[in-house]
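Handing you a structure now.
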Amino acid sequence: MSETPSTSFSTIHPTSSESQVPASRHLSVTRPVVAKRISFYKSGDPQFGGVRVVVNPRSFKTFDALLDNLSRKVPLPFGVRNISTPRGRHCITRLEDLEDGESYLCSHGRKVQPVDLDKARQRPRPWLSSRAVSAHAPRRPAAAAPGMPRGPRRILVFRNGDPKTRRAVLLRKRVTQSFEAFLQHLTVVMQCRVVKLYTTDGRRVSSLQAVILSSGAVVAAGREPFKPGNYDIQKYLLPARLPGISHRVHRKGNARSESRKSSKWKVSIITSDLPNAGTSSQIYIILYGEHRSSAPIYLCETDGARFQDGHEDIFTITVGDIGTLFKIRIGHTNYGCSPSWHCKEIQLQNMNSGSQFYIPVQRWLARDQEDGEICREFPILNKGHPILPVTIYEVYVATGELWNAGTVANVYISIHGEKGDTGSRQLFRSKSSFNFLRGQTDTFLLEAVHLGDLYKIVIGHDGLGPGNGWFLEDVVIKDPTTNHKYAFFCHRWLDQGEDDSKIVVELYASDNSIFSASKCHHDAVKINGPLFIFSGKKVELKRKQTVRFLISSLCFLSYWRFWTAESWKFREGNTIQFYNRLTGGFVRLHPDGTVDATGEKRDKYGLFDVIFNKGNICIFQSHEMRHLSLALDNGFVTGMASGGAATELQVLYQPNRCALLESALVPGHRVIFDRHGRIADESSAGCADLSKEFVIFVKGMFLNSAVVLLATSLCQALCLQPDGSCTGVGNQSEKSYWKVHKISSGICMFESVKNAQMYLRIKDGQCDGTGTGDTDCCFKIKKNLENASISLESTDSPGLFVGLQSDGQAKPVIYTKDENVCFYPQVIQFGRENPMGMSAIPSQGEEKIHESKKQKKLPRESEARSTLLSSTPEEIRHSQSSETLLSEDEWKVLVLTGNTGTQANVTLWVYGDEGVSGPISLSKDSPEPLFLPRQADEFQVELRSIGKIYKIRIEHDGSSEQPEWNLEKVTMQHLKSKKIFNFVANMWLSRIQAEGDIVCELPVVKEGQAIFPLVRYQIDVYTGQLKQAETESEVFLCLYGERGDSGLRQLYKSNMPVKFQRGQIDKFQIEAVSLGKLQKVLLRCEASDKSQYWYCEKVIVREPNTLCESIFTCERWLPFMSQGIIHSEIELYLQDGDWKVIVITGDLENAGTTATVSLYVYGETGCSGPIILGSGKHQLFSPNSADIFKINLKDIGEIYKIRIGHDNSGKDPGWYLEEVRLENIATHELLCLTVDSWIAETEHDGDLWKEMPIVRTKKAPLPVVVYEIHIHTGTKPCAETESNVFINLIGSRGDTGKRRLHQAQNNKVKFQRGQVDIFSIKAVSLGKLKKVLISHDGTGPGNGWYLESIVVKSEGEDSSQEVLFPCNRWLDEYRDDGKTECELLPEGSHSAGKTGSVTS
């Protein structure tokens, strides 16, 4: 940033003049038009001067190639995606549509904002613009005013690592059309390939704007990193000057008056005689008078000897009429090889009036001395005028909470008061380790002569660095002289790609923003409802004639945004939970009216319905007991009848996304619990033992067809960009809406609402929105109790979560509980509003969707186990038909009706141990009636390939005027073998008789005993709590087990008078031949219109006389839509594979850990992990404790080993693990694994992982093997590395996991050039080694590594193996393919031992 323009004029008296170089002229040659010359401008930006592009078949073969080229030249947030005519009426989609000599607009979306092209064409380039230094400087029509740039800017370009190789480059228009064009120009000038640019202190210069705003020199590099050197720009660019300022003073020159009111000053500056007190920088001085200030006046020497140790330098300057002098500012540009300067004293003499001033300085002006300032201000003592004090202002700069809000650019500030300004000062020395990070408040000290009352600041940055955009929240400045604070509210981007593209902004002190800093007070603000509680750590507003203190308006708006972001949770009809972080439990309201905060997540007493909402006043009714609501009665938390004044609670939202619950009747009475979850009040214990903050969770957020917003901050959300990538810095608008497709409980897919058929996914190490609904689009939703956020874990790549980089771009990350994997969901539309869910595909192994119209033919093996999909009607052969040859499949069926017949249609199913046949329609061609009372009806059927028959099912459809039927017996006879099965029924198939069932199953009886018994299954059907969840449609259910199915049964007779009502549990009974172990349930609901769609939460099936129950979770609407087809059926599967894990920490001193613990479980068919068990930071893994977890290990086969370890995070990560137990919840199988070992880098071998084999009584466990690893670092120059190296050994029986090679057995310094380092890893035997994964993390100054080979040796019980894995390549991001991870395969091996076999 440059100095604030002066309102006076200041001149120097040069002894030599600079000649102006005339602009070169280009000859115009007329040639045939063989290409199109076209100008492109930026949509909506008349300040953009446009770019000219030559379009011909050789330069651009496709239209997309042109768009990519323009994206590098036209600054648009998402690149150029659309080209249109100047008024935006017509889009250009082909190269042939572009016309020679015409102009077009570029935009990143379909919406185009027209631009005045005449205005855009006339606008000069930023570095060619002429800006007056003084507003009162006289205008000269012919010659340029003093100090004006006389041509394009000149910069110095150094070669990386070679300061002696340098070139001066003019930023002419033809070489600055784009950043890429400028790099190409530098490649020619420097005679080496230029890929990157750096500042002289090593910061990356990533844009043309950054080049323009640079200090005057850049370092040109190829693919290699920056190499420090003595890049002395002052030596080559003398005289250097700040942008827009070129005043120079020459020693003892003769002055020429610029104005009749101007005055001459003699300036004498003495440099101290301390060692290295002299400077190589340019010195400038600014004089402040009571009328105005001078511009910065640069004091230069022509003989090169300036400001040397112990020397006095004298200058003569001419300054306009500034009035009575009251302060000066002196500083330097901090350039050159020795910029530091120690000034001893300054003397000023007004050569017109003769007045003299003496300023004893005795201060360093240096970045590495004292406070690091390179400019100082000093007051001037004038007789009759008070001297102003020197004040050290405290500047608090708050960076916003938005993603990518931080900046690495250099930030500058200028503070303005009634007595002048501070000038432009860089804010570089904060009390924080890193400045201007997201959500951080940085504190700076700024020394200046007292400015009086402050009224504005100018703050901005230089646009340098890869992440130079900055979201500034506010600036608070404390004046220690008056003990006041001034608030300057910003809350906007300073970014060339955001808002108005400005990177410098003027901020004025807010009304009533003078604060008293002498008090600390807790206060609240209430405007139109929500009451926000603030700690008075900042400042209090000073008001006249009042004792109340209010927080600043911006702080209020900031906290109001928290309420706006969270208020959707309290809509009437929502079901919510209150989680208390101190107790670690949920608030529960018990049937007796007592309340505590120790409930589990699934506790039915911990659910509350919002039945009243007015502003932030709500009534929370118990979801389980509708007659009770949460209440505050005289300060006591209890349950009371809904509707009373005591049940009206006010929600007080806080900035940490927690809520307080306060009585609306008696303000100040709040819901408070102690650390044991008991009701408390503020006087019952210390503040640390009480909690009144609650995290709010809403039930049913991720239901089918719900539309959600995944917020990343108060005003940003996860958004799909036009190029298919995802970013967390999107606006909270329709572009950031995602439609939920629920696959199963806790597993969903997210489809962009704006861009249909584009799904969020994690695939091939990338996270984007280009999914098509495959398995890589399925995410497991992990709810974070601490802040009500969620994290999305890929089900296709377990352990990888959707995360955000520092710039907000989405990427797959490992879960660490950092905020970069946290999303704050906001429900835009609940699933209840649109129950017809869209599911792209059925989940594999979770649900299978049956198409109701078009069914697919299954393989033969599936046919044997299916009843509804694969069975086809069998041909009925009547007994009256002509004789035919008997086959093995011919059967005769005799049906005997009891005292009551039926006219309904009767169907038969026959089940065998190899298949099922049906539905078989029992009908005849003859008109004679069937199933008359006491009549026997005979049919001939063909039963193919069903094996041995074990049951039949017979039913009718309930049609006709006489549907009731009394069935007495069914007899089946095999026509060839004459074998007979008798099925005695003696039951009613009637809706109004007996149990109301029209289906019956009959088992085969042998020797008077049924092969399989008849079982009456108890069915509990849960209808969800969503609005309109109820239905009047008919619902059908089919049970599937080891021995077939029950057939599709209508759920007809319930224990409730009206079935399937919202929030209701309906109980039914289904009698069927025992199915064995239940496997799945099929549900069908055929609704006639959307108003009759049904939301089923779950189905629970119980067998009588047993304690076991089977739970089938549904949580979705029926019918639903998938791939454009409406489905009325859905299969629900058991959530089997659940295990209980008990982790026992030892009772040694400091045995607990603060790290995050993870578990891997290996089975014969797969591996499950990493399973993150939790962090010791959250009261887990304490000494002498047992922590219990529930995990799912489905489809991994028989477990043969586990691996447990931690990430070494926290203050005390070391951990003494005593034992790990795994218990199968279904079978109660218990596996006990003794560890009794430290898992710590400071203990034993320093390994952070332990592997244990599973020990079973009838099976020998796998041995634990010590793998000796020899790492051969190459002999090439710079082959060594200081990075952390990781290895993963992979064999025929799994892998070791990623292990850090921590302690070498033979060398103290690892991975040195030409060195062999030996490490050892303990792991359960891997069998035959197949490959090795080797990598490093790229940390340290020498992070590249040349790996020659790896040799792995192991000694087993029966054999030993030694395997060579050759590498011979760089693992370096700047060499070869740029990868730091490599997969190595064995080349040759040697074996020894008992077997003598060769193993590789």
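Heads up, residue numbers simply count up from 1 along the chain you see.
Heads up, the Cβ atoms here are built off N, Cα and C, so glycines get one too.
Checked TrEMBL, it gives:
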COMPBIAS  1-22  compositional bias 'Polar residues'
COMPBIAS  140-150  compositional bias 'Low complexity'
COMPBIAS  845-864  compositional bias 'Basic and acidic residues'
DOMAIN    36-118  domain 'Doublecortin'
DOMAIN    153-232  domain 'Doublecortin'
DOMAIN    263-379  domain 'PLAT'
DOMAIN    391-508  domain 'PLAT'
DOMAIN    889-1003  domain 'PLAT'
DOMAIN    1015-1132  domain 'PLAT'
DOMAIN    1137-1253  domain 'PLAT'
DOMAIN    1265-1385  domain 'PLAT'
REGION    1-26  region 'Disordered'
REGION    121-156  region 'Disordered'
REGION    837-883  region 'Disordered'
Can you tell me how the residues of the domain 'Doublecortin' (153-232) break down into helix, strand and coil by DSSP?
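Going through the domain 'Doublecortin' (153-232) residue by residue, I get 20 helix, 25 strand, 35 coil.
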Going through 36-118, 153-232, 263-379 one by one, which has the most CB pairs that fall under 8 Å from the domain 'PLAT' (1265-1385)?
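Per the Cβ count, the answer is 153-232.
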Counting by DSSP, what is the helix, strand and coil composition of the domain 'Doublecortin' (36-118)?
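Secondary-structure composition of the domain 'Doublecortin' (36-118): 14 helix, 22 strand, 47 coil.
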So, by DSSP, how many helix, strand and coil residues make up the domain 'PLAT' (1137-1253)?
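Breakdown, helix to coil: 3 helix, 66 strand, 48 coil.
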Within the domain 'PLAT' (391-508), count helix residues (DSSP H, G, I), strand residues (E, B) and coil residues, in that order.
0 helix, 63 strand, 55 coil
